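Reviewing the structure listed below.
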Amino acid sequence: MNPFREDLVSRSRPEPCSIVIFGATGDLTHRKLVPALYNLAVDGELPTGVRIIGFARRDKSDEEFRSGLEELNKKVSRSGHDDEVWSHLAENIFYHKSEFNDADGYKSLAERLDQIDEERGGKGNRLFYIASAPEFFDDILIQLKNAGLNEAKDGCWARVIVEKPFGTDLATAKHLNEVVNSTFHESATYRIDHYLGKETAQNLMVLRFANAIFEPLWNSRYISHMQITCAENLGMEGGRGGYYEKSGALRDMVQNHLLQLLSLVAMEPPTDLSADGVRDEKVKVIRSLRQWDTPEKVAENVVRAQYTAGHVDGKEVLGYRQEDRVSPESDTEAYVAVRLLIDTWRWSGVPFYIRMGKQLPKKSTEISVHFKDAPNVLFGALTGGVPGGNVLVIRIQPDEGISLRMVSKIPGTSLRLEPVKMDFHYSTSFGKGSPEAYERLLLDAIAGDATLFARRDEVEEAWRFIDHIEHAWHQSDNPPPMAEYVAGSWGPKEADDLIKKDGHDWRRL
Ligand SMILES: NC(=O)C1=CN([C@@H]2O[C@H](COP(=O)(O)OP(=O)(O)OC[C@H]3O[C@@H](n4cnc5c(N)ncnc54)[C@H](OP(=O)(O)O)[C@@H]3O)[C@@H](O)[C@H]2O)C=CC1
Ligand SMILES: O=C1O[C@H](COP(=O)(O)O)[C@@H](O)[C@H](O)[C@H]1O
């Protein structure tokens, strides 16, 4: 639910509904979606009368489906496993067996949904969650339409959540958008980006627009540059290599999650907090990105790399090209660093740097805002100054929080300066952990609030930017080279050079 003033946001209360999950025997449903619904139930936030209908092709009874979900919920739920809450939820879980392209399966789904509503007093609201591999997205949407399940009936609503990846380039994203919008109205379409559901990502707008002290400084006059880092200490575990080979770091993380974070940190204040009010401003940021539209510009502003064998968390790990389901000649990047410029009045001349990599020393995602140095006229003369004295760090995960680095006098009789840190940790300030991103996002979709979901134009603008880079890498005559870094290190030397060219360094995490 939108945390802001109720009278300023257009959304309704979460209502009873049937949530149909396509791909319900899969990993996402078991590890994320059902545990998220369970946690909402534990916190008393799930409206009574929410039903979950799993749709997949293998044979399973309702009971078998429930017990498989329960087994995993016990392992992964952030609030443990309460038998009473679970059994109440489980009474409302059903399984529907069908192939994604079988028209009869959707006809019988429609009948089953009506029957569940009739027996259990449901209203007929429907939330369709497409949690399948992307090659099935079209089929599922078209079959929903053919079965009339896309239409809101008798004062009820029908909405669709579409999982990532939302296309693999601009053309495929546009095609998918055509299919989605010919099936569901844009206002009933929820393109999920789980980074937008993370607590600190949501807090970005609050930090910027509910505190009078930051916004006056939030521009090229006071900010030297910003960095967005997403470090992961995993490689291609669990057979992910096959998927990753077709994706790579740029498409897997930058096109969606990291450009979404960039748009939140760089957008103008929205005129209101409605879904479109916020998304209108976010899309302007992505639309204003200077395009790296030649191989030369890509070589100058983007670094791609693969890891070689090394050690992460004290364990020996393989190089990217030796990973399961990865080609020994792979030209897929497991690391990317991009220098971005946003051609707006506010950000003229301020570089933004995004880096993302697998098999780095630790898992950490953060945004750092580096302020310009104070004039060097007073303390500089005595001490040499403290360059990079003011940095605001927004920790997205783990240890969610915000810190501000400032320069202080070291106690003593002489004038010596050193940076110190003011630190806010969610866990200690609020005394409780944050909900999982999927909890918040599922509840928002049930409540009809699309603020934290990507709109069609945002997705397409992001692909427009990414496509030029992918084109230079894979389709040009002089592709920029692939760099290397040792697994467990902080990335390739070329990425350090990229930021050093502007006189900056990556923040040490
Ligand atoms: N797993 C994760 O953590 C994340 C996943 N995602 C995205 O979510 C989506 C699903 O991922 P994930 O759960 O990992 O995938 P899985 O491969 O684990 O699950 C695929 C599901 O699709 C069903 N399925 C496949 N083919 C058919 C068919 N022809 N007809 C009916 N059902 C079929 C399978 O059913 P059956 O078992 O009956 O074959 C299974 O339920 C992907 O788009 C992925 O990118 C996004 C973020 C995180
Ligand atoms: O979407 C994806 O996200 C995960 C990282 O998510 P996080 O919430 O753990 O930060 C990433 O590992 C994966 O490759 C990507 O597909």
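FYI, residue positions are counted from 1 along the chain as it appears here.
Cβ coordinates come from backbone N, Cα and C, glycine included.
So that you can see what the record holds, here are the features copied from TrEMBL:
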{"type": "DOMAIN", "residues": "20-203", "note": "domain 'Glucose-6-phosphate dehydrogenase NAD-binding'"}
{"type": "BINDING", "residues": "Arg57, Glu99, Phe100, Lys164", "note": "NADP(+) binding site"}
{"type": "BINDING", "residues": "His194, Lys198, Glu232, Asp252, Lys358, Lys363", "note": "substrate binding site"}
{"type": "DOMAIN", "residues": "205-507", "note": "domain 'Glucose-6-phosphate dehydrogenase C-terminal'"}
{"type": "ACT_SITE", "residues": "His257", "note": "active site, proton acceptor"}
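Fewest Cβ neighbours within 10 Å among the binding-site residues Glu99, Glu232, Asp252: that distinction goes to Glu99. When the binding-site residues Glu99, Phe100, Lys198, Glu232 are checked against ligand 1, Glu99, Phe100 have a Cβ within less than 6 Å of one of its atoms. For the binding-site residues given as Arg57, Lys358, the lowest number of other CB atoms within 10 Å of the residue's CB is seen at Arg57. Between the recorded positions His194, His257, the minimum number of other C-beta atoms within 10 Å of a residue's C-beta occurs at His194. Proximity of the binding-site residues Arg57, Glu99, Lys198, Asp252, Lys363 to ligand 2, judged by a Cβ distance under 6 angstroms to any of its atoms, singles out Asp252 in sequence order.
In this structure, Lys363 is the one among the binding-site residues Lys164, Lys198, Lys363 with the smallest number of other Cβ atoms inside 10 Å of its Cβ. Put simply, of the recorded positions Phe100, Lys164, His257, the one whose Cα is nearest the Cα of Lys198 (substrate binding site) is His257. Per-residue pLDDT, averaged over the domain 'Glucose-6-phosphate dehydrogenase C-terminal' (205-507), rounds to 94.
In space, His194 is the closest of the binding-site residues His194, Glu232, Lys358, Lys363 to Glu99 (NADP(+) binding site), judged by Cα positions. For Phe100 (NADP(+) binding site), the count of additional Cβ atoms within 10 Å of its Cβ stands at 21 [all protein chains shown]. Across the residues annotated as binding NADP(+) (Arg57, Glu99, Phe100, Lys164), the widest Cα-Cα separation comes to 21 Å.
His194 (substrate binding site) sits 24 Å from Phe100 (NADP(+) binding site), taking the Cα positions as reference. Arg57 (NADP(+) binding site) and Lys363 (substrate binding site) have their C-alpha atoms 35 Å apart, to the nearest angstrom.
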